[in-house]
Structures are given as C-alpha cells and as structure tokens.
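According to TrEMBL, the region 'NMP' annotation covers 19-48. Per TrEMBL, AMP binding site is recorded for Thr20, Arg25, Gln46, Leu47, Val48, Gly74, Phe75, Pro76, Arg77, Gln81, Arg144, Arg155. Residues or ranges marked as ATP binding site by TrEMBL: Arg116, Ile125, Tyr126, Lys183.
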Amino acid sequence: MIPSRGRFSVDKYGIPQISTGDILRVAVANQTKLGLEAKKFMDAGQLVPDEVVNGLVAERLAEKDCEKGFIMDGFPRTVVQAKALDEILTKLGKQIEKVIALNVPDADIIERITGRRTSKVTGKIYHIKFNPPVDEKEEDLVQRADDTEEVVVKRLETYHNQTAPVLDYYKAQNKVTEIDGTKKLEDITQDIFKILG
C-alpha cells in the first residue's frame, strides 16, 4: 500500500499504480450501478462496502499490465479486504511482498485534503497553500464534496477504527515498513526506493 504520494515510483518500476479511489471515481463518473452505490458512501465520508471494492480490484489485478507487479494505493482499508486481496492474489499466483506506511499526523492530513482544488476548466489539481494556481481564476476552482473538513474528520475516524488494523495484519507477516510522510517529497521518494530496492 502506498498512499497518494506514491505515483512517482510507477515509472521507475514499469508497473501500474492501482488506486481504488480512481477506480471508484471512474465508476461514479460512468454512473455504473456500483458507482452510484459507492457515491452515497463516498460523499458521506464512509468506506465503500467491501464487495463493491473487492470486485473492482479483482478485475483490475487480472489485467495484463499487472503481470509483473503493481503498486496498490488506498487498498486494502480493512482486514476483511486484506484477506480478500490475499485470496485474489493467490488465484493469480501472486502475493503482497511489501507494505509501506507513510505516517502523517491527522492535522496535516486535514490541511492537505481540505486545501485541494480542481479547475473546472483544465481539470488540473491544485492546493490553495502548497500548490496554488497561477493561471486559473479562483471561481473556476472547486472542492470535491468529499474533501470538506467534516468529511475528512469522519474519514480519519474510520481510518483509526478500521484501516489501522490492516497494518497489524501485515506486520504479523513482517511486510510493513513505516516512513515519515511529513518529509519533503524527494526524501520520501528516496525512502521508498530504498525499501523497494
């Protein structure tokens, strides 16, 4: 599992980064049955039910570009999902080799997420503090419905109650390495490269 700041490692290793968030957003945008069901949970800051997410992940991992490996982003989020992922991978003749956990204080996470904005015109993603737009009009920037502070706080509560135990699940298998997620992106990148080899 590599959170959102892990996209940089995909090119180096020639394997896809699989983000359940991206998979779910595509399903929501396409208004598939599962996408519409997922949207209700996402907008409320709740986890999407396992059966929806697991099915989407199984389909994605069976694709050809995952044959040499992949980087998961945002999955698994529960121990039930972790066990389901193990089953999916066993059927594909694979297994999770390493889990990287970026440790970031809740206050930093709230600031990072609530400050995100997307341009309605260009689709580019900005941050009002860390990466403000130069050539965009303020009225063209929108905040995702699930990026409000209220929703983020609920997501963090859910994380501490349901997702944190996933690390214990993988720690029991000696697969977890934790790194400081508050460092500069370049330093985090180097830490991850050292772990992945």
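Using N, Cα and C of the backbone, Cβ positions are placed for all residues, glycine too.
What you are looking at is a predicted structure, and each value in this text was computed from that prediction instead of being measured.
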Using a 10 angstroms cut-off on Cβ to Cβ distances, just flag whichever of Thr20, Gln46 is the loneliest among these binding-site residues. Gln46
So among the binding-site residues Arg116, Lys183, who's got the most Cβ atoms within 10 Å? Arg116
Averaging the pLDDT values of the region 'NMP' (19-48) gives 84
Site extent for AMP, whole Å (max Cα pair distance, Thr20, Arg25, Gln46, Leu47, Val48, Gly74, Phe75, Pro76, Arg77, Gln81, Arg144, Arg155): 26
Near the Cβ of Ile125 (ATP binding site), how many other Cβ atoms are there if near means within 10 Å? 13
Given that the record lists Arg116, Ile125, Tyr126, Lys183 as binding ATP, what is the largest C-alpha to C-alpha distance among them, in Å? 21
Return only the integer: C-alpha distance in Å from Arg116 (ATP binding site) to Thr20 (AMP binding site). 19
For the binding-site residues Arg77, Arg144, which Cβ has the most other Cβ atoms within 10 Å, all shown protein chains included? Arg77
Cβ-Cβ distance under 8 Å, sequence separation of 6 or more, same chain as Val48 (AMP binding site); the residues meeting this, in order, are Leu24, Glu37, Ala38, Phe41, Met42
Highest Cβ count within 10 Å among the binding-site residues Phe75, Tyr126: which residue is it? Phe75
